[in-house]
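Data block below; observations after.
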Amino acid sequence: MGGKRDKDDEAYGKPVKYDPSFRGPIKNRSCTDVICCVLFLLFILGYIVVGIVAWVYGDPRQVLYPRNSTGAYCGMGENKDKPYLLYFNIFSCILSTNIISVAENGLQCPTPQVCVSSCPEAPWTVENSQFLQTVGEVFYTKNRNFCLPGVPWNMRVITSLQQELCPSFLLPSAPALGRCFPWTNVTPPVLPGITNDTTIEQGISGLIDSLNARDISVKIFEDFAQSWYWILVALGVALVLSLLFILLLRLVAGPLVLVLILGVLGVLAYGIYYCWEEYRVLRDKGASISQLGFTTNLSAYRSVQETWLAALIVLAVLEAILLLVLIFLRQRIRIAIALLKEASKAVGHMMSTMFYPLVTFVLLLICIAYWAMTALYLATSGQPQYVLWASNVSSPGCENVPINTSCNPMVQPVNSSCPGLMCIFQGYSSTGLVQRSLFNLQIYGVLGLFWTLNWVLALGQCVLAGAFASFYWAFHKPQDIPTFPLFSAFIRTLRYHTGSLAFGALILTLVQIARVILEYIDHKLRGVQNPVARCIMCCFKCCLWCLEKFIKFLNRNAYIMIAIYGKNFCVSAKNAFMLLMRNIVRVVVLDKVTDLLLFFGKLLVVGGVGVLSFYFFSGRIQGLGKDFESPHLNYYWLPIMTSILGAYVIASGFFSVFGMCVDTLFLCFLEDLERNDGSLDRPYYMSKSLLKILGKKNEVPPGNKKRKK
């Protein structure tokens, strides 16, 4: 038996040998994965160049501000006091194309558009008696300043309408997305080319749904303005609860884990009892699956006895497995509880680590904001192109007009032989070098986004691992803990291991991009009903998901080894994997116990904040005084959901630090067992509680005597 065990140990590497010079995270180390570091820095330099190119050639005003028919921006320059865009005939947006196409073209429509200071408030239509009057009499003197710029005062109204220089009707509108959209209850006017059929009404509703969104957004803004300070109070409560939960684990970890495990056993036992009762009732009735047969109505299977019998068997097996685990792995569960207590002590000695997620959050925000701005500038890097367009090309006089040829929007065509001829926006040019390379530059930006995000997350893991490793390998706690462990680990990681972090982040990035590509292909093939193709796609997606999870697990432990020993990524990943495989049972037990505990912690924090927020914002808490009254809100669920989401983010940030602490201390604990034997020259660094559980002892207990040099 012993020889077989030795062979198994050899398969996963040899145990770590004693090193008399080892005192925790190595200080005298050298740069690792230099080639990958250089590649990463060159990539970042290229990423910056892409951003500069996008900034030089891009113009986000094309997205942020609407353009009129002359190509000028509304709300800027000469139109500074005219921030809204008015469509002369908004029905042409529906008559010419579908709503999706209109949205993709920046809400451009084949109708004259003019910048206005305010949207029309009342319906109006040109009457027959006004056709021979002047534009000044019908429009300007009546404060209807909706004609194109430069239309003379003395032009006949009939002429301005024929040349589409002034609108033939106005609808009461409201601004949305910088454009004047009609109200939903407006009846379309009876004009040539416009009918009141269902298609038109649906099209109008599709265009002006944003008005309802605008009303809702105003109410949402009012609710946030009324309740923001109470939301901050709720987030403060979440922060305090998360911190208290972690710090109190050193006192209640054991009882809490026991209660949680018994709770799981109780839930499974109740499930077995419930399934048995349902099975017994259906068995007495004689309800069998043979009577039901095969059906796609899954709820029908609840009425047959075989369903509940199968559920009963599954739950009974799970209950038995959990009981066997408690009986035969109770020692390892005690070790996991002791490590959780030790992690709580480590966090208590290094409180600054609890707020390191703020640094990670800021860096992630910078990466996302830079990518978003670069993508926006790249998308608007082309020059706007304008072409000639007519509403009815087959009209008399339009046969010889060069439709779809480029034109100057500053000089609108005046051609009486072709009614409705105008110069309209078509799109953005793609003839320049930047425009021809736009797709490649966007791909480069996406790769940069994934790589930088993964690198920032890797930096946080490695920094926290370095800080917590310095706690474990301090023989006299807390005297031997470095003064600024988190700052020292941060500087050490940036100085020596940027390349190793970039290497691990690149591997994960390639897998994630492969998953994105696969999701895109799956989205495109949604309409394909081939079951074989669907099955193959699902298998590929499942494999890539498993691969991503495994790489994240491997990277996390590799960063811990990098933080401790300062070796390159591949060696660290190999050593971490071999160490974990030599202690696979302990790994599984600790992982599941930690997951159960942190899940309960998140549930406690988020549930507590959610319940308090619900009772407060819904006005169910009375007698708090005028200063503590709940604000009057349009949607009281809005601050509740915001508080719950914020509490989840805060709890996840705190517990991610605690999870990293547990993983780091666990690897250090495994190495401590292999490296040392408790003798005077090779004492254990673990706590007394761990030594007691393992039945070991130090000849020089930590904290009592000085270690022999």
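Heads up, residue numbers simply count up from 1 along the chain you see.
Even glycines carry a Cβ here, placed using N, Cα and C.
In TrEMBL, annotation is done automatically, which means it is predicted and not curated.
Over in TrEMBL, the protein carries these features:
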type	residues	note
TRANSMEM	34-57	transmembrane segment
TRANSMEM	228-249	transmembrane segment
TRANSMEM	256-276	transmembrane segment
TRANSMEM	308-329	transmembrane segment
TRANSMEM	355-379	transmembrane segment
TRANSMEM	455-475	transmembrane segment
TRANSMEM	496-518	transmembrane segment
TRANSMEM	558-581	transmembrane segment
TRANSMEM	593-617	transmembrane segment
TRANSMEM	637-670	transmembrane segment
Tertiary contacts of the transmembrane segment (558-581), defined by C-beta under 8 angstroms and 6+ residue spacing from its ends, are 12-13, 16, 24-26, 29-30, 32-33, 36, 458, 461-463, 465-466, 469, 473, 489, 492-493, 496-497, 500-501, 503-504, 587, 663-664, 667-668, 670-671, 674
Considering only Cβ pairs under 8 Å, which range in 34-57, 308-329, 355-379, 637-670 makes the most contacts with the transmembrane segment (455-475)?
637-670
Quick one: do the transmembrane segment (637-670) and the transmembrane segment (256-276) reach 3+ CB pairs under 8 Å, ignoring pairs fewer than 6 apart in sequence?
no
For the transmembrane segment (355-379), the candidate among 34-57, 228-249, 593-617 having the most Cβ pairs under 8 Å is 34-57
